Amino acid sequence: MSIDDVQLIFAFLFSVTILIVLISRFSLSPFVSLIVATIVLSCSAGLDLGEAWQHFSGGVGGVLSSTAMVIGLGAMTGILLQRSGGAEVIANRMVGLLGVDRLGWSMLAVGLLVGVGVWFTVGLVLLVPIAISLAKVARVSLLIPAMSMLAGLSAMHGLAPPHPGPLVAINLLEADTGRTILWSLLVGSLSAAIAGPLFWRLFEGKISMPEFSKAPAVPAENSDATPQSRAEEVPKQVGLGASLLVIALPILLMLIGSFVEEPLASSGFGWSRIAMALRALGTPTIAMLIGLLLAYFQLGVRSGFSRKAISQMTEESLFPVANVLLVVGAGAGYSKVLIACGVGDTLASMAQQIPVDTMILGWLIAAAFRVTTGSATTAITAAGGIVSVMVAGDASINRELLVLALGAGSLTLSHVNDGGFWFVKELFALTVPQTLKTWTVLETVLSLVALLIVLLLNYLV
């Protein structure tokens, strides 16, 4: 390794250290921290700041041009699913189908289904009261239904598009969206089943959960999302079919668009037009737009919401998206500066000499960012930027499975620096030790199981 390579590695490690310290020690916004880390990287590596900023801006524009609209459309669809009561309809019907006797599996299925369509925190607000009330009716411990529901929600949040983290990783690694969705549903479902009802069955009766009288039926700060308030706002109950269709249609369109074969596209004029149309409908932005328009009609208009109310809801859903988009963009910009500095080539050369599987290496990098920054989105964005330059030009890497390896790493070891840790603690009225014994363990087991499944699939395919 040359002196220049040593300088580049030092510059990279120094910038990562600055990034972690700013987020974890000084609680600075990840967006601002990424900008500062980029400046530190540029100065340390000897790259002109003007040139560095051009690369940074190009990275921001490149990733947001393909992800911003998808994330925004997903947020708007999610709030319609939430406010219309569609998520509750899915939850109640799944529990009715599987039965209270299999409450853990019921809540796992609910978590997976709802987790595809709404963000993690929204899913928590919707499903925690249901888990608590069902456990009370069944006279069973809250442990298994709660952990099963959380496993489903978290698996979809960390692994499945169109959630921001996986979506950004797909863009950075140039993976295929449809194939990533297919693998994420398989890996997410299996890992959630193992880390949820199967794993926690071993600890039934050994870990205490709050008494029902102490567990809040609905968090006060989200009281506008209660079933009672929704009943006053929505005169008509939304149907199960409409709710499931809103979630499934964009996913099906993206899958079909990805798997339309080239021979079909070139077999004849008629088939060629059909293939082109299917591919167009399967692009993430158009697929999510179609899902939103369906939600607008089925969950909005047909539920009795006025056009003004629907407009207000969808606009409100975009407020939290701004921070996510800024972090995603800054992470991509940081990645571009890594490449411009030459760090990418150096890291790629080093990675080839390290006897560690690429999937494991990606998981370790994402896990390190997750543990130190507390943010799954920041972890997968930062790790995706680093790993993308390490595997650039390597056609032997299964990039769809690599996305899932990064997603699995971004879930591991959630603790006190993670906002989700405190969200789970408050909603279930847990103590900090209880949250560490349940939520932190769940996330870590889920992360490890998902990685093992990814490694197995990578070996088989």
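For all residues, glycine too, the Cβ spot is worked out from N, Cα and C.
Taken from TrEMBL as is:
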TRANSMEM  7-25  transmembrane segment
TRANSMEM  31-50  transmembrane segment
TRANSMEM  62-83  transmembrane segment
TRANSMEM  103-128  transmembrane segment
TRANSMEM  140-160  transmembrane segment
TRANSMEM  180-200  transmembrane segment
TRANSMEM  238-256  transmembrane segment
TRANSMEM  276-297  transmembrane segment
TRANSMEM  318-340  transmembrane segment
TRANSMEM  360-389  transmembrane segment
TRANSMEM  401-424  transmembrane segment
TRANSMEM  436-460  transmembrane segment
Segment proximity, the transmembrane segment (436-460) to the transmembrane segment (180-200), 3 or more C-beta pairs under 8 Å: yes
Segment proximity, the transmembrane segment (62-83) to the transmembrane segment (7-25), 3 or more C-beta pairs under 8 Å: no
Paired segments the transmembrane segment (238-256) and the transmembrane segment (62-83) in contact, 3+ CB pairs under 8 A: yes
Range from 31-50, 276-297, 401-424, 436-460 with the greatest count of C-beta pairs under 8 A to the transmembrane segment (62-83): 276-297
Contact call for the transmembrane segment (318-340) against the transmembrane segment (436-460), three or more Cβ pairs under 8 Å: no
